[in-house]
Amino acid sequence: MTGGKSGGKASGSKNAQSRSSKAGLAFPVGRVHRLLRKGNYAQRVGAGAPVYLAAVLEYLAAEILELAGNAARDNKKTRIIPRHLQLAIRNDEELNKLLGHVTIAQGGVLPNIHQNLLPKKTPKSGKGPGSQEL
């Protein structure tokens, strides 16, 4: 039966398995492959490239979400908001380098007070009238 609505699948494939599940990923390998082909990055795209790229993207997303979840927990919140993403990215040296020129809407800025603006610390010496030294 040629030209039917088989969708290009091999005949007799009982349990079809996605490339994402084969690779053990949550990110869609098929969609990444399609975007690599349509993006005019190269004439041809190898079979391993979208799997690798999907794995890298999944790792980066998991890393950012873990740090943002920690920031939300530090602020006693149960929901991650853009402020938590901003704090997570800017406090991590490598993520800040990677996403240095990225603006996060509603992210705010990192809290920072210059040392010259902080109140002076007065040294408290133990040499007073109540000193017990001999």
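The backbone N, Cα and C atoms fix where each Cβ goes, glycine too.
Going by Swiss-Prot, these are the annotated features:
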- 1-24: region 'Disordered' (REGION)
- 1-10: compositional bias 'Gly residues' (COMPBIAS)
- Lys5: N6-acetyllysine (MOD_RES)
- Lys9: N6-acetyllysine (MOD_RES)
- Gln106: N5-methylglutamine (MOD_RES)
- 115-134: region 'Disordered' (REGION)
- Lys120: site 'Not ubiquitinated' (SITE)
- Ser131: phosphoserine (MOD_RES)
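Using a 10 Å Cβ-Cβ cutoff, Gln106 (N5-methylglutamine) registers 9 neighbours. According to DSSP, Lys120 (site 'Not ubiquitinated') is assigned to coil rather than to any helix or strand.
Under a cutoff of 8 A between CB atoms, and with a sequence separation of 6+ in the same chain, Lys120 (site 'Not ubiquitinated') has no neighbours.
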